[in-house]
Each structure stands twice: as structure tokens, then as C-alpha cells.
Amino acid sequence: MSFEVGTRCWYPHKELGWIGAEVIKNEVKDGKYHLELSLEDDEVVSVDTEDLNDDKNQSLPLLRNPPILEATEDLTSLSYLNEPAVLHAIKQRYSQLNIYTYSGIVLIATNPFDRVDQLYTQDMIQAYAGKRRGELEPHLFAIAEEAYRLMKNDKQNQTIVVSGESGAGKTVSAKYIMRYFASVEEENSTTIQHQVEMSETEQRILATNPIMEAFGNAKTTRNDNSSRFGKYLEILFDKETSIIGARIRTYLLERSRLVYQPPIERNYHIFYQLMAGLPAQTKEELHLTDASDYFYMNQGGDTKIAGIDDAEEYQTTVDALTLVGITTATQHQIFKILAALLHIGNIEIKKTRNDASLSADEPSLKLACELLGIDSYNFAKWITKKQIVTRSEKIVSNLNFNQAMVAKDSVAKFIYSALFDWLVENINTVLCNPDVDDQINSFIGVLDIYGFEHFEKNSFEQFCINYANEKLQQEFNQHVFKLEQEEYVAEEIEWSFIEFNDNQPCIDLIENKLGILSLLDEESRLPAGSDESWTQKLYQTLDKSPTNEVFSKPRFGQTKFIVSHYALDVAYDVEGFIEKNRDTVSDGHLEVLKASTNETLINILEGLENAAKKLEETKKAELEQNNPGNKKPGPARTVNRKPTLGSMFKQSLIELMSTINSTNVHYIRCIKPNADKEAWQFDNLMVLSQLRACGVLETIRISCAGFPSRWTFEEFVLRYYILIPHEEWDLIFQKKETTEDDIISVVKMILDATVKDKTKYQIGNTKIFFKAGMLAYLEKLRSNKMHNSIVTIQKKIRAKYYRNQYLKISQAIKIWQSNTRGFIIRHRVYHEMKVHSATLIQATYRGYAIRKNVFNVLITIINLQTRIREELKRKQLKREHEYNAAVTIQSKVRTFEPRSTFLNTKRDTVVVQSLIRRRAAQGRLRQLKSDAKSVHHLKEVSYKLENKVIELTQNLASKVKENKEMTERIKELQVQVEESAKLQETLENMKKEHLVNIDNQKNKDMELQKTIEDNLQSTEQNLKNAQLELEEMVKQHNELKEESRKQLDELDETKKALVEHQTLNGDLQNEVKSLKEEISRLQTAMSLGTVTTSVLPQTPLKDVMGGSTANYNSLMLDNAELSPGKSRTTPMSGNHIDSLNIDQDNGANATQINEELYRLLEDTEILNQEITEGLLKGFEVPDAGVAIQLSKRDVVYPARILIIVLSEMWRFGLTKQSESFLAQVLTTIQKVVTQLKGNDLIPSGVFWLANVRELYSFVVFALNSILTEETFKNGMTDEEYKEYVSLVTELKDDFEALSYNIYNIWLKKLQKQLQKKAINAVVISESLPGFSAGETSGFLNKIFANTEEYTMDDILTFFNSIYWCMKSFHIETEVFHAVVTTLLNYVDAICFNELIMKRNFLSWKRGLQLNYNVTRLEEWCKTHGLTGGTECLQHLIQTAKLLQVRKYTIEDIDILRGICYSLTPAQLQKLISQYQVADYESPIPQEILRYVADIVKKEAALSNDSKGHEHSSGIFITPETGPFTDPFSLIKTRKFDQVEAYIPAWLSLPATKRIVDLVAQQVVQDGH
């Protein structure tokens, strides 16, 4: 062992059993090792030892496992398999609300003393169905599933042994195992939640639970529902592994509980259920009052159990009894017997000095005998007397008071025990009758038996219980050893024999010929046998070698004996052993009971006799088998002896062990965590004692002796490949195809590099086997390697950082030096440049001064010349401009007056013309009113009005054009004004220049200035004149606009007059329009040979058919027209419609058409066959896709054909034929949809949804027409009308039901198809590059991957298919939204349920991948207009967030709860506890895990306190798997504008085509 400083270990503790410690000092003093340990309670202890590797040294602490292993799911995977490690692992898991833990083949179940219904839901059953043990978390259902699959696959019977002390939860565990077998589905139907009702047999099997609990369970100090008997339930299966029945065997019912209960305990539940649940009349009949009035019920004190309603439990028991075939009358007889037992308990026996007396008139006695149907005198007699039978006579003697009390209690116990056995036998008769017995192929047995018991006072019951546990423990040890051996052999590894503690000496002590039981039976058969004499025989016979190794007598007293059991030594008190072992009733009482008038009691006693005879025959057969050479027994040896309780128990135990040994056994050890039954409280010492008692620690010891730790090659390589240089494994990892041999070579390299002692491990065929402690050693190496690697990386990073810092500083110094030198040189050069520059500046300045002087003189001369030339040129330009302006002004003045005159004249002329035209129009209007009925006149009027509108429009256009010209003229004038303004600005500039220059030449330029001012005044006057002219033109423009507006108003008035005229002639115009349409339709029909008309002709067929057919033809679909196909119309029969010519005489007349139609429609057999096989089953779905645009007729052609056929049937009054026809159609459509699968599911399903919707809309349209149109009643009697309404109404309901059914069938199939893809795509696939979650290695997946993979692209393709099919097939948007929303909710539920059950899967990288996958779904929803898509995926979205955020403080958890508001506390706790910490992450602190678990507990407590409110504490989301609401029922039906007679060319429907052909011919003739 290694006890370096910092080593974590365990140290013994009086109160806690073991406490965590850490080595803080390890030194050698005087040849001894001196250790100092710091305990978790801050105490420091010292340990001195000579050898740190001495395993037998009890003073040495035990090594503690690494944190990653401390809460492991399987105790055998612990590196250090020792007592404190096992205890701590169970405690850690329990604190995290995980009540199940594996210990090799054993499942340890720790009682939570709280309701954990979420662990046993149907969802949980389906989660474990078909899963191998170890795939999911430890669970009761994993054991049940393993047993079920082994039975099914290996054809071998199975046994599940459920053991534990009272209050550990055995009964509940056994009950849920039975529920699993009764509820689990076949593997191929686990895709959708189990919805099928359980069979009657399964219900009866489950019904045995409340019956057995009522008659065999009671409240004890340790348990409110303690089983006081052992039970072995065989669930029987046939060849198809279907449950066909069951058998129950019971062991050692605690009979003494009937007559005695310790304080705070109760009698069997059934008595209290009777008191609370029996009707008042029945209670009066049975003479029952209150539980406190009966001695057999009130000894314990409180008769109530908190939280249990005995009346409700009574009803459950009664229902269960009825279910297993016990009639109400028999139940009443049973209740009478139970009531009689209570009255027996109240019998008061009088005590005398030596004897006891009992009157036959004692009230309780009379009531008891009345209910039992027996003689009270004889019954009382044998309570106080006994009879001894000798060879020659019978001796009757009196009993003393104590003996009489024992006799009274004995008969009560005898009756109750017999009743219990009879109930079991009766249940077996029902559940395993001869027919069932013949079909039995295999069974799974569930053994619910008491665990090892030891109290301050241990009696006969504890002895039998511990004897049974000795036998079971022996079988368990042998089974564990056998499995270990089998695995070693299968893996072909070297192994040596493992020593284990064999408890055979203890079993021999109990059951040998001179063992405890034999001596007990011998003493019990003696009339004067007593506990004391039996004790002396035990001492004399057994307290010597070799039995004294397991048997001893106490130091003081002669009333006890001690047996060394496998768990611990137990001292048994001999008082009552003989009496309890005899457990017989006197012959007198037996005769009295046999004379009963209670038929049920008689049947009970007969069953008891039969069982005794069977037992005696079994014993005889065993004797003959064991002594085949002996002579036949003589008369002295044929004495019939009543079997003792001990012998019966021994025999039943032998049979049980024989059964178990012939089956494959599974073990569940139930642990009671505390004595106070407090929820989620853990008592270390109590649990430790149970672990020792139930053999878990012994199992671990056996495992430790061999190779307890087993790793697959894949797991080992993934964990420890870093222990070897990367050059050795990198080549293998980089291979495209990695073989298993490559992985094994990596395994060997790792082991060769790390483990020097080859005996510490063995390499098998599929696994590596390690000795105890090796995993911790490898973990330490791995941790050291990672620590060293981290240190190296940090060292390199720090070196790189400081080197970069040094280089930066060095570079900075060099730069500074360079800059300094440069600065000095530049400063020197700058000084020299300044000297040179000063000299140069002086020379330059002198030259500049001279040049400037000369330049100023030259400039003055040039400026003078320039001014003179400018003035001369300006005068010339002014003269030219004045001339041009004068010409322009004269032109404008000359044209203005004539133009104004012309415009005024034109305006007046237009006004006069308008008035004249209006008057003419008014006259014309009056003329039109009189001629309104003339079609030609109306056309002429319309034509003239159109011309008038055109004329007015042209006038308006000319006005607009003229307005535009005026606008352009205004723009020209504005340009001129702008030029004038520019000229003025130029003059102003010139003026300023003159003012600057005239200072030196003021006198010279005075005259020039005056001249310029005169010119300026003249220019300003011209500008004013131009502005006046512009204002005049703007005024004219406004007048023109006003004139245009008036003309527009006049035009509007004219249009209004025209509208009024059109309104007055609306009726005529409509008529003309309809006539035009009719003409156009007839012309089209003439050219194409086809016509349109209503679906049904209006002519009655009374004369045609020669009978009084009801006038069903009056159903007219006013808006629904039958139109033939357009460009794709196909020939419907040999008489092609195109060949029809209305003007020719060869067309068939109406009578002939109707007669042929009637004949075709009446022969429904041919029509049904053709429609069913040819149309409905032989349909072809049109291609639907992104770029395909389908017309409605291409989609709903089956519905349109059915509508035509149906309409014609109604027209001819063929109601019965239509009913049978439609029944066939409805059945066929539903069958077709039911058979859809694969790639046809989506398009074909949408196709039939569209067609059924079309049919339903037609029927609704027809029904509304019948109910709202009075014309439909014409020609019908009231009865005929009601019959017709009823027919269509029923048809509406049928199509509504069909739509609902096929929608549900289709959607469930979609869910099933989606389930195969969703989990793989959303949960497992890693679509986000660069963030591999790393649960599995890519190169190893090449070897081990064997499942079909799906990605998010497959999911999006799936949804795209639905979208495009629904869009192409004209499905309403609301339906599309409903379908996708339902599927998204389903994806959310199943993926979340898969995630929450995944082990070693949930990591932050997995959260990134999940978030990416879900985001792609969200984006798809937004792209396709589905705004609620995000809400449907909330659980997945929030799970992804949970995996990515911090979870290390209480504040983090509180924030997390706010983020993940859709997740329940139980779901949060489950996800956090399942979170897989990466190597570079810190583990989630245990305090945080406990904090989250406490939140769940508080939530559960609140839900339990709030009555009437259901609280969902389950971890699963229940997927919505139907029934679904039909979204079509929430939207309006489709409108019927046209029913198109389109039959695709590829359809072979001769009769149907002929019907449509004839209907079309009839339409043509009706139109003609």
C-alpha cells in the first residue's frame, strides 16, 4: 500500500462506521512507520505500524478511491473494494436520489421511504425494454428485463431473489417486477408508448398483490407494510413468451401475529380493512363494531397507519378477490371466518386454582360459533380440556388457564393459517388451471423472502428465517463463484481457485439427522416435550466437535443457544419453540370444525388435509428412494404423524432451493437506510450491518480474490492511451481502417509500460481483467502524466511568454539607441542647415525687395491698360444687349394681346359646347331610358359613351399639353430673369472695383461713373418690366389651370351620369352577360365536344324507370358544376365525347342514357370491385416536389370520380346501393392508409388526406343544400326527405370519422418513422465541426459501429417532404402547422427521454452539438412560417443550455433553474447528476449535487402536502402518441365551384369511365 502525504483513505469511526481521512505525515521512527491522519471532522489521529503492506493489520486505514469512482454505478468497478468504499458509494448515490446500485450480479435497492413513482412509470418500463444490463442506470427493471430476455432467448427458466430485512422494500420491489412483466412489450413494438390494455391473466397476476398484502402483511415497528411470510411467484409463459398464468408458493406465515402484536404494531391488514370498509349492514350481520373493541386488534395501540385509507384498501382487496375468481358469496363467507377469529380473541376464559372454565353461553364464543357454523358447547369444551389417545383408551383431562389460552389461540391461528393457504391454492387454481399447465414453456420466479434477522429476543420465526437465508446465501456464493469461473473460462485467462466462506457447516447443524430441526421435531412429538428438555438435548448433542464450530451455549442461563450464521452469531431464546413447531390443533377442535355448516370453512379444511397427505406421500417417496433395499414398513412404522411446522418449512425450502438451482438466478438486495423510516436519511452503521448480513460484502470479497475490475479494450484504450508516447499510438489512430488487433496492441503497449507485475492483470478475448487496486494505480499514473503534461505545457508557455517579453525589451532598447543617435546627428545637421538657410534667406530677401518694387510698377501700368480696354468692350456689349432686349420686348408685347383674345374665345367656345353637349346628353339619357330593353341600343349607347369619354380624355390631354407649353415658357422667362440678375450682380462687382480704383483717379473717372450709373438705372427698369411681364404670364397660367379643373369636374359629372345609367340598367347588363357566357359555353362545347352543367340533372326519372322513384334528383349543387378535363381529357369509352354533335341525329336520347346509367349503377358488385381494386388500391400519387406545380384535379381525381358516382346513385334513388358502395370505399381507404410504409408514407398519406377532405367537403355541401334550399323537398314525401337527410348526415359522420382515423394512423406512422431517425440525428450526431463530444473514438467506431446512422439533414429532409407534399397537394396551412407541431413535440419528448437516460454522455461539447442541431430545426420552422417551433423544442433547448453553463455554486444552480424553466426539479437533478466531467473540468461538488437533490425532495414534499393537485415528479416527458385532434375539423370545408370529370389515362376503369361518359352526354343534351 502507498500512504504518501496527501493520500486519501478511510479510518474506523464509532458513530459513522468509517470516516474520510487524509495522510498529513508519513515518517519512519525506530523502525516503525508513523502516520498522522487528518479526519473529515478535523480530528488528527496517529497510526504506528511495522509494515504498510500488511493487509491483516486492523490499525491501518483503508485506501480511498479516486473521486471519479466514488459514486460508481457498479461497486465492483471500484479500484479499492473495501467495506467503507462500498458504504460510501451507496451513500453518495442515495444522497443524489439514486436508490439502485449494482454490486456485480446483485442489485442493491435502498429504500427511499418516499414516493418515487416516477421510477416505475410505463415510460420507464419502455426505456428499459430491450436494453442490455449496463446500458442504462441501475434499476429494478434492468434486472427484470435481463431475466425476461434470457428466458426468451436462452429458453431457460429464471428466478429473481428479492431479499432484505423488514422495511427494506422487498414487497414493493417484487410488486414492480411483476408489473414489469405484465406491462413490457415485445422488442419490436417498443417504439411507441405502450397503450394496449393488459390481458385478463396479467391483471389477475397483479391482483394477487393486494390479496397477499391484505392477508399476509402487517404494520411493524420497522415497516408499515411488512410481509410476514415468504413468497415465490412463478410467472408462466408459453412458447410465444406471452404470460398465460402464475403459481404462488408461500413460506412460514407468521401465525403468532394473529394473536399477539407488540406495541405500535398491528395485526394483518385485512382485519382493519374490514372494520373500515364493510357496509354497516354487513358489519351488523357479522357483529363487528370497532377495531379497538377486539383483543386481537388493539394490543399494539394505534390501529391507524398514517397516509393509508383502510376503506379504500378494502375496496381494492375486494376487487382483486373478484378478479381472481372468488365470488361475492365466498368473500362473504371468508369475512365471516375473519370476524369469528376476532370474536374468538375476545372469549373470556375463567381462571380457577388449577383449571380453566368456559361457558357455552359466553357472548363472544356464541358469536364466533355462529359465524363459523359450529357447535358452541363442543368448541368451548376443547378449549378447556385435552384428550390423550393411547392404544387402549382415550384420556380427557382439564387444562389450566394458560394452557386454555394457548388452545384458544392455537385454533385461531390454525383457522387463519388454513384460510391463507386456501386462498393461495385457490389463486393457483385460477391462474394455473390444467389448460394453462399444458401450455407452460418457461417461467420467471420472483422470490420475496425475509432477510437475515437478529433482535434482542430471537425466537422460532427468526430461526426459520435465518435458516432460509443460510440456504440462499450458500446458493448465492456458489452462483457468484460459478459466474466468476465461467467468465474466466470464456475469456481464456489464467486463474486459480478462489476461497470463500462456505456456510455448509451451519446448514448441516440445522438440517442433519441429529441437527437442530430433527431434535426439535423429536421433542415436539413427545406429549411431555418441553423447551427446557429440548435445550438440554441440543447442548448434549451439538456442543461438541465438529458442530461446536457453529453452535455454542451462552455463558449464563440454560434458555438460549447460539448459532454462528454467515452474517453474525445469533442467540435464540428457546421459549415457545416446541409449541410453535407443533402448531397443531386438538383432535376435538378439528372434529368440531369439520362439522361446520360454513361451506368455505369445510373447503379450507379439506384443502389442508389434502396438503398433509401430499406431504406424507412425498416423504414416503423420499424414504423409498433413499432406502430402496429396506423391507416394507411394518405396522409399528406406519403411524401417521402430523407434520411439524419445522419439517414443513424444511421440505418447502428444499423444494424452493431445487427450483432455484434449476433456474438462472438474479439477486436484488433491499437495504433499509434508517430505523425511523425517515425519507432520504442514511444511517451508516445500520446499512453496514445489512451489507454484511445480505452477503454483498462477501460477494465483493470473492470478486476481490479474483479480478474484480474488467474493462473492454475500447474503454481501456480511450482512458489510458496517454500513458505511452504518442508516437506509438498516433500511427494506429491515423489509420483509415483500424482493426481490433491494432487496439489490442495498444493495450499491450500501455500495460507493458505501466504494470511491471504481470500477475496483476490478465488479457482476455474481449476484456482486460485487473486485480484490486490496479485501477487506482493506473488512475494515479494517468493523473500524474496529465499533471506532468500540464506542468510541461505551462513551463513551455511561460518560457515562450518570458522569451517574447525579453525579445520585446531588447528590441525596444535597440530602437531607443538608434533613435537617440539619429536625434544627435539630426540636431547637428539642423544647426548647419540653419546657418546656411540664414545666409540664403538674406540674399533671397534682398532680391525679393528689388523684384517687388519693379513688379508693382509693371502691375500699375498693366492695370490701367486693362481698365481702359474693359470699359470700351463693356460699352460695346451694353449696346448689343439693349438692342436685343428691345426686340424681345416688342415681340412679346405684340403677341400678348392677340393670344389673350384667342384663349378667351376658345374657353368660351368650350363652355358653350359643353353645355350644348350636356343638354344633348340629357335628352339622349331620356331616350335611353325608354329604349333600355334593347340590347343593340344599349350597345350603341355604351359605344357613344365610350366615344364621349375618349373625346373628353383627348381634350384633357390637349389642355395638359398646352399647360405644359405655358410652363416651359414660364421657365424661359425665369431664365431671362436669372440672366438679368446675374448681369446686375456683374454690374455691382464692377461698381465695387471702380470704387477701389477711383481713389487715385477720382477726378478722371467721375464722368465714367456717372455714365455707368445711368446704364444701371436703365437696366433696373428693364428688369422691373420683365418681372411685370412674368407676373402676367403666371396669372394666365393659373387661369388655364382653373379652366382645366372645371373641365375635369365636368368630365367627372359625365362619368357619374354614365355610372347611374349603368346602375339603372344593371339587370339588363347581367342578363346580357349571362347570355354571352352561355353562348360562349355552348360554342366551346361545340368545338370540344364537352359541356358543363350541374352534377345532377333536374328532370325526374319517374317515366324513364317506369316506377315511382323518389325525386332524389332535386339535389342540385348550384355552385358545383361538372366540367370535363381540359387539355388532358382522355377518352372515357368507345363513344368518344368528341364525336358528339348536338346538331346530328346519332346522339343517344335521355331515356337511353338514364336506362344505361341505372343499369351500371345498380350492379354494385362490378362497380365496387372496379373502384376498390382499380381506383383506391391501384392509385398512383402524383410527383410532389420543390419545382412541381400540381393542379387540383391531378390530386383529387379519386374524390371527384367518387362524387360523380355517388351523385348519380342519389339521383336514381339507389340509397341502399350507395350505402354499401360507400362502406366499401371507407373501409378500403382506411386499409390503404394503414398499409402505407417507407418512402410512400408521406406522399400517399397526404394524397389520401386531401381526397378524404374533398369528399367530406362535398357531403357537407350537399347536406347544407338539402337543409337550406326549399326546392329539394319538391317531389318528395316527408318520409323520403327525412330518409334522405338521415343518409347524408350519417355519411357526413362517416367521412368525418374516416378523416380522423386516417389522420391518426398516418401521424402515428410518421412518429414511428421519425423515431428511428430523430434520436440518432438530434441526440447522437455531431454536425458541428471541431467540437466532437468524445464519448466514442472515431477510429474505434469503425470496428464497433453496427447501427444505421442518421444526421440532421435526414430530419430536415423528412420535414421538407411533408412541407412540399402538403403544399403540392393543396393541403391547408393550418393542417401543415398542426402536423409539424405535433411531430416537433414528439421529437422533443423522445430525444429528451433518450438524453436523460444516457450514461457517460452528457458533456458541454454534447450541449454544443445538441444546441446546433436544435437550432437547425428552429431555423427550418422560421423559414417555413412556423412561429411556434421554438416552443415545441423547449426541453431540448434548455437541456443544451444546462450542459453548457456553470454548475459549481448554489448561485449557478439558481440561475440554471431560471433558465431551464420547462424542466422539473427531478429532471434538472437527473441531468446534473448524469453530467460527464471532462478531464480539464473540475468535478461538480458533492454539496451542489446534494443541494439539487434537496430541491427535488422539497418539491416532492410540497406535492404530497397539497391534496387534490397532481405533481409530475417524473423524469420523462410523455410523448403525445394519440389520439390526435383532426386539424381538418377546426377549419372550414372547401368550396365547390366545379367538379371536373377527369380520369387519368393509366386507370383501367371501364364501367366507371362509361358512367362518366354517359353523364357527360346527358349534360350535352341538357345544354342543347
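The chain as shown is numbered from 1 upward.
Backbone N, Cα and C define each Cβ position, glycine as well.
Keep in mind that this is a model prediction, so the values were computed, not measured.
What Swiss-Prot says about this protein:
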type	residues	note
DOMAIN	4-57	domain 'Myosin N-terminal SH3-like'
DOMAIN	70-783	domain 'Myosin motor'
BINDING	GLY164, GLU165, SER166, GLY167, ALA168, GLY169, LYS170, THR171	ATP binding site
REGION	443-523	region 'Actin-binding'
REGION	619-641	region 'Disordered'
DOMAIN	786-808	domain 'IQ 1'
DOMAIN	834-856	domain 'IQ 3'
DOMAIN	857-881	domain 'IQ 4'
DOMAIN	882-904	domain 'IQ 5'
REGION	1089-1568	region 'Non alpha-helical, tail domain'
| Cβ contacts of GLY167 (ATP binding site) (under 8 Å, same chain, 6 or more positions away) | ASN111, THR220, ARG222, ASN223, SER226, LYS672, LYS677
| In the same chain, outside GLY164, GLU165, SER166, GLY167, ALA168, GLY169, LYS170, THR171, whose C-beta lies within 8 angstroms of the Cβ mean position for the ATP site? | ASN111, ARG222, ASN223, SER226, SER227, GLY451, CYS670, LYS672
| query | Counting only residues 6+ away from its ends, which parts of the chain sit with a Cβ under 8 Å from the domain 'IQ 3' (834-856)? | reply | none
| message | On the 0 to 100 pLDDT scale, where does the domain 'IQ 3' (834-856) sit on average? | response | 92
| note | Cβ neighbour count within 10 Å, max among the binding-site residues SER166, THR171, goes to THR171
| Looking only at the region 'Actin-binding' (443-523), what are its DSSP counts of helix, strand and coil residues? | 48 helix, 9 strand, 24 coil
| note | Here the 10 Å Cβ neighbour count for LYS170 (ATP binding site) comes out at 29
| request: For ALA168 (ATP binding site), write down the residues of its own chain that are at least 6 apart in sequence and whose Cβ falls under 8 Å from its Cβ; none is a fine answer. | output: ALA109, ASN111, GLY451, CYS670, ILE671, LYS672, GLN690
| note | Other C-beta atoms within 10 angstroms of the C-beta of GLY169 (ATP binding site) total 25
| query | Sorted by position, what residues of the same chain at least six away from GLY164 (ATP binding site) have a C-beta under 8 A from it? | reply | ALA109, LYS170, GLY451, ARG669, CYS670, ILE671, LYS672, GLN690, CYS694
| Near the Cβ of GLU165 (ATP binding site), how many other Cβ atoms are there if near means within 10 Å? | 23
| remark: What DSSP reports for the domain 'IQ 1' (786-808) is 23 helix, 0 strand, 0 coil
